[in-house]
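First up is the structure itself, then whatever we jot down about it.
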Amino acid sequence: MIDTQPEVKSNSVFDQMANLEHEQVVFCRDEATGLKAIIAIHNTVLGPSMGGTRMWNYATDEEAVNDVLRLSRGMTFKSALAGLNIGGGKAVIIGDARKMKNEALMRRFGKFVNSLNGKYYTAEDMNITMRDIEYMSMETPYVVGKPEYMGGSGDPSPMTAYGVYMGMKAGAKKAYGLDSLGGKNILVQGAGQVGKYLVDHLIEENANVFIADIFDDKIKAITDKHDKVSVVDPNKVFQMEMDIYAPCAMGATLNDETISELKCAVVAGAANNQLAIEEKHSAMLNDHGIIYCPDFLINSGGIANVYHEYLGNYNKERVIASTEHIYDVCLEVLNHSDDNKIGSHEAALELALQRIEKVGKVKLGE
Ligand SMILES: NC(=O)c1ccc[n+]([C@@H]2O[C@H](COP(=O)([O-])OP(=O)(O)OC[C@H]3O[C@@H](n4cnc5c(N)ncnc54)[C@H](O)[C@@H]3O)[C@@H](O)[C@H]2O)c1
């Protein structure tokens, strides 16, 4: 029986760690810089844990704990399913990035990462820039996603978008029998780093693209480039009739209210933790006849990119080939879901857990 219910009701950190099966959680505090951060290491069976650092102004410490635990767990399954030999980890820095972030804070955080001696590799996530990556790198070698001028692999977002595009095509193949996206009405929610590159692929394939964002400048950057893209009010996303919904902004957009409103055949997007409550909302999508391409499966292009940087001799062609494989794995997951009458989210988790278990045994025999 796999754990597909990460909704954590207890306030005890140990209960939450036990529920989500975490190995280690590190709380970091520094008086001088005001740093408050949490590093969560979920699982290191396949290799050292890896996942980005997010800076966010959490309303409560509990909210930060919940976020870092869910995100790090997602990284374990994402990397396992992508065939990478790394485990799942993630970090959060608590505070307003615009007010608190500076060189000293980021370097102090880098020192905390270093103290784990390579059990956790960090990278960028929300509100962490290439400059911050540089600051962390001054204190620790356990940083990936470094800028190209530092010998790193640069921004992972284009590869994430490419993987989402591959997953979306697999979803279309399952829904329509053909993987062509030409003529399909596709709504991209979130015109950010991933959204903008995803739109490029969709336009190239002659899809009818709709975008929604809460910031006009993000919309303008895309409509200036592509005159065929239509703009949708971000509050009216779920009232629109569409073929494919691509959530590329925040998590939990698939919930009780939205799923009953959603008018599409396929959901395929980049956002992490799209299902508000995994088991419940995965089943609800199934009941509504909507094909759900699991988020942690199709948004793994970015982690594959930084993984190849970590291996050394970064080779973009290799990463592209590995990201294209998302198409096959997504179809395998969707078929596994059909054959076993389980949600596609559970099907993806099962395949990820199978790999961790099988490879884990090989590693034990080393
Ligand atoms: N960047 C990557 O390589 C990567 C990898 C894996 C997963 N993800 C996930 O994909 C999602 C997008 O990542 P990103 O790097 O493009 O982030 P981003 O911050 O560049 O873009 C997010 C966009 O969503 C918009 N947005 C926020 N709230 C919105 C709302 N209510 N309605 C519509 N738009 C809204 C923001 O204005 C922004 O333009 C995130 O959930 C991220 O965790 C990103």
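Positions of Cβ are set from backbone N, Cα and C atoms, glycine also.
Whatever TrEMBL says is automated annotation, not expert-curated.
Taken from TrEMBL, the feature active site, proton donor/acceptor covers K90. Cβ neighbours of K90 (active site, proton donor/acceptor) (same chain, under 8 Å, six or more residues apart in sequence): I39, A40, H42, G51, G52, T53, R54, V68, L71, S72, G74, M75, D125.
When other Cβ atoms within 10 Å of the Cβ of Q193 (NAD(+) binding site) are tallied across all protein chains shown, the result is 19. Under the DSSP three-state reduction, Q193 (NAD(+) binding site) is assigned to helix. Look at TrEMBL and you will find G190, A191, G192, Q193, V194, G195 tagged as NAD(+) binding site.
Among the recorded positions K90, G190, G192, the residues whose Cβ sits under 6 Å from any atom of ligand 1 are G190, G192. Report note: the NAD(+) site is defined by G190, A191, G192, Q193, V194, G195, and the residues of the same chain whose CB lies within 8 Å of the CB centroid of those residues, excluding them, are S157, V188, K196, L198, D213, K218, C248, A249, A270. Take the CB of A191 (NAD(+) binding site) and look out to 10 A: across all protein chains shown you find 27 other CB atoms. Neighbour counts were taken as the number of other C-beta atoms within 10 angstroms of each residue's C-beta; across the binding-site residues G190, G192, G195, the minimum falls on G192. Using a 10 Å radius centred on the Cβ of V194 (NAD(+) binding site) and all shown protein chains, the other Cβ atoms total 28.
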